[in-house]
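*Asks:* Below are the structure tokens for one structure; questions will follow.
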Amino acid sequence: IYSKAKVCRPNEPTKCLMYEPGIINLFAKSRNYSELLWAWKGWRDAIGPKVRTDWERIIEIENIGARENNYTDEGAAWRTNYQVSNLRGKVEKLWAQLRPFYLQLHSYVRYKLKQEYGDHVNLTGPIPAHLLGEIWAMSWLNIYNITKPYPNVNAFQVDEGMKDMNYTTHDMFVLADNFYQSMGLPAMPDNFWKYSMFTRPKNRSVVCYASASDMGHDKQGNEDVRIKMCAVVNANYLYTVHHEMGHCQYYLAYNEAQPPEFRAGANNGFHEAIGDTAALSVINPTHLKKLGILKPVDAENKHQQNINFLLRRALEKVAFFPFSISLEFWRWDVFSGKITNQHLNAGWWENKLKYQGIYPPVERTEHDFDPASKYHVTSGTPYIRYFIAHILEFQLYETLCKLSGHKGPLHLCDFQGSKVAGRHFRKMLEMGNSKHWEDILRKLSGSCHMDAGSTLRFFKPLTQWLQTSQKAKNDFFDRMIGLSHLPGMYGAIMPSMLYSKKVARFLRSYQYNLDKWRRIDGLATFARETNITKHNTAVHTKSLNVNKICTQKHLRDIAGWNNTIEYQVFTRLINHLLIKVQYSLDTIYLNNYSLEITDITGIHQMAKVCRPNEPTKCLMYEPGIINLFAKSRNYGELLWAWKGWRDAIGPKVRTDWERIIEIENIGARENGYTDEGAYWRTNYQIRNLREQVEKMWAQLRPLYLQLHSYVRYKLKQEYGDHVNLTGPIPAHLLGEIWAMSWLNIYNLTKPYPNVNAFQVDEGLKEMNYTTHDMFVLADNFYQSMGLPAMPDNFWKYSMFTRPKNRSVVCYASAWNMGHDKQGNEDVRVKMCAVVNANYLYTVHHEMGHCQYYLAYNEAQPPEFRAGANNGFHEAIGDTAALSVINPTHLKKLGILKPVDAETKHQQNINFLLRRALEKVAFFPFSISLEFWRWDVFSGKITNQHLNAGWWENKLKYQGIYPPVERTEHDFDPASKYHVTSGTPYIRYFIAQVLEFQFYEILCKLSGHKGPLHLCDFQGSKVAGRHFRKMLEMGNSKHWEDILQKLSGSCHVDAGSTLRFFKPLTQWLVKENKRLGNKIGW
């Protein structure tokens, strides 16, 4: 229907125009208001009503497919191509950079159109959509002759120049091929010239929309790439030819360099950008003068020539930005159901008004379906790629210009003939999508992120000219004047666009209350966890409910704002709040949820394991069970405690826990998430977090397998037939109730038993350390780097040890209470510490949280007072603790004594094995837990298989198994506090990868030389200064930006971990080979 559509003259059915070349030419040349209106309306009427019903059905089918594959809708599936969370937010951020320039352009063009069309144009209102030189107002290039700043300066007579030189359409393709070859890129293959469609054929219907196709190789093994278009000789098509041939160059590059799976653009926007990057160099006064198509102008008129050229380019490029996002944001909202089938056309024109500042010149209703006038809507082609491509083309263009040695204004750069630029360009093309697109972008440009800065630098002279022009007035966008004349339903569109002051007031109120709520809730929770009584539990439950209800009230106020906020200062704040719209439940649901959470955490905290027939001889988790697993090597005793702990909790909480999962999933789905796990993952703002974690685990797994094999051998020596040398390890033999850390079996597994590499407990006792001393030690460590001392409230209110005669939650945690009534900082820790190496580590870890609180409390508004992501928060203290629980540092303190120089290698291996038992063993524990829980949330693991699914994961990732039979009567996941309390856990995996990444960077900043595992950055003010800057950022920016600020890399990577353990890895490989140990289970 689309490809055969025609617009016929009234009462002249034989005088009809198809889109190419008829309608294109009419909009390019006609300045007759009525003729343009006839064609504009006729094109839409010829398509929209005919396709609407089928199109709605297509959307329904696409959404069904998306949801069956665990996406919320088809738009969410499309966005996965970009592998970033909140793509819309990123695009809005780019648009916020560009919008001021677009406003200047819009105002200037509106003034010029007023001169041409008189009363048809309102100088303070939006522009009639049919007057901008193109059927969709996508490009305004064809009104250049109306808007030309300096009419007497011939800056861009390309069409005439090509005609003077007798160019044919084929010549344009030869020109493009020569351009790419001049940079060292390959010529188009024979099949390109043999099979491409360059012009519209006679006597048959075709799809004229320009496109490139990758056919791979023909039967003879020859490359086969092609182009399809209906070209004519003009500047527009000269640009398009270079653009489409850019696609072909991309095909040729990655087809040669990559396996089939990676033969694609780094993302869809990359593919569109490649040819546009070259075309910027071609459709350029410098290049066109080289070709003889343009004649030089008088030197005195050079500035005017530049302004004319840039205005022409802006009419094409800058005008496109809001067109593209108005289209795709509309479509995403249709997919999500925000725009319903009853308001498709209204929603379309609301977006056109909001982003482009245009309106329909005649009344449009829901009988019409104007989006279908655009080929990409009817064909179902994702469109955000074109917005991204336009951003990237300027970014890539600026990089290639620098590589070519260009000096001077960016818009006059021509990198034709630069083999250096071509070589770097080709290398990027060859990568296909074999790496994350941000890594590929960084490889060429040095930046991980898309940024509109290159675009603005390209247009800088024009921006300055527009700003100084008295004709440029932004009344419409700044004050929304002149909307009353809009036809029909558009007279009252988008009143919320007027409310920027209301938004500012809301944010001030919300952030004031947020501080207050956080403190009230924090104090109530802290009181309960440091003294579990009925009264404190009731106060805690009440504060939890009040906090949630008040937060929901504020969030409901902004639920519809994310598409109406027009000011960058608000964008991240509002978007950040919108993802918190969770648990939109009635009061009964909310109360039940709060009570059930409180009940099952209470069961966990009061759980005891009592000796058989001795009900008074019981062990709580801290310190009883901890100490037993740390010291006992009695197989039967460990089994008793292991089973007893699980039996004391699991069956009692299972029913309530299942109900909590149900409630959490209800809240998540009511707010547009597939399940609660999907909501949790939004904290990391990247698509497919699980895949990213699996990738890091793939880096770490070979080291873990070596460690597992060695430890299994040592346990075989200790426990005999209880351990199978080729199978998984019994879960209760690894020195800890959950096998989360294997640190307590260091004495069994120590590689060199006669070398005392790590007698920290003994050293602390010899120096008469108290628990309080450990906190002073940690405080001094951070202060030595220039970070602040812990405030008075920390020492006054923290719980360092288990109190007598009352029940408490001993699990170590840090607390941000903000400020007390006197304005004093209030951060605290809570734990049941004893003097040993484990708690020395934990003290530094929890004080790291407090340092993070102090930094962002001072530097950020309340909404950004949080870790860059949850993993960051956990990593901060661990980073410092790596420097502390370290032979270098402990020798400085006198806790460890130096060993003989001859045994230094053995000391290092002992130390690294000890650290690996704690750190490396934790990686598979954490993902086995969280992957299990995500699968429960998604329904992949059902309530009938909760325990079986748990142990399947334990076997798969950790290589452990339950020492006694476990059934679905049991609920072993509940033995872990984070499961009963509903605390997301993937943060700890990410934190442990990040801590090594941060540690390596701080070591470099401190000037450390030598093996990474021996670095101690205590006292380095340089490292401390960089560390503090990162902490102060809170979550005010995307965590990848914050990570890059410190580390120079956008991505979490396990390379630092592997470098830390490199000496141990080498030793384990040799030792396992010597012992004949099987790797794996």
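Cβ from N, Cα, C; glycine included.
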*Asks:* So CYS618 is in a disulfide according to TrEMBL. Which of these is its partner: CYS550, CYS610?
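*Replies:* That record, TrEMBL, gives the partner as CYS610.
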*Asks:* Regarding the disulphide bond with CYS1015, report which of CYS1003, CYS1050 TrEMBL records as its partner.
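*Replies:* Answer per the record: CYS1003.
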*Asks:* Taking the Cα atoms as reference points, how far is CYS610 (disulfide bond) from GLU874 (Zn(2+) 2 binding site) in Å?
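*Replies:* Cα of CYS610 (disulfide bond) to Cα of GLU874 (Zn(2+) 2 binding site) measures 34 Å after rounding.
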*Asks:* When you rank GLU244, ASN613, CYS618, CYS810, GLU846 by Cα distance to HIS978 (active site, proton donor 1), which of the recorded positions ends up on top as the closest?
*Replies:* CYS810
*Asks:* Tell me which of the recorded positions ASN531, CYS810, CYS1003 ends up closest to HIS376 (active site, proton donor 1) in space, Cα to Cα.
*Replies:* CYS1003
*Asks:* Do you see any of the recorded positions GLU846, HIS849, GLU874, CYS1003, CYS1015 whose C-alpha is within 10 Å of CYS16 (disulfide bond), and which ones?
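*Replies:* Neighbours among recorded positions: none.
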*Asks:* Expressed to the nearest Å, what is the distance separating GLU244 (active site, proton acceptor 1) and CYS8 (disulfide bond) at their Cα atoms?
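*Replies:* On Cα coordinates alone, these residues lie 31 Å apart.
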*Asks:* Using a 10 Å radius around its CB, how many other CB atoms surround GLU846 (active site, proton acceptor 2)?
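*Replies:* There are 25 of them.
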*Asks:* For a quick check of packing: other C-beta atoms within 10 Å of the C-beta of HIS845 (Zn(2+) 2 binding site), how many?
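*Replies:* Taking every protein chain into account, the count is 26.
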*Asks:* Cα of HIS845 (Zn(2+) 2 binding site) to Cα of CYS1015 (disulfide bond): how many Å, rounded?
*Replies:* 18
*Asks:* What's the CA-CA gap between GLU874 (Zn(2+) 2 binding site) and CYS8 (disulfide bond) in angstrom, rounded?
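*Replies:* Cα-Cα distance, GLU874 (Zn(2+) 2 binding site) to CYS8 (disulfide bond): 67 Å.
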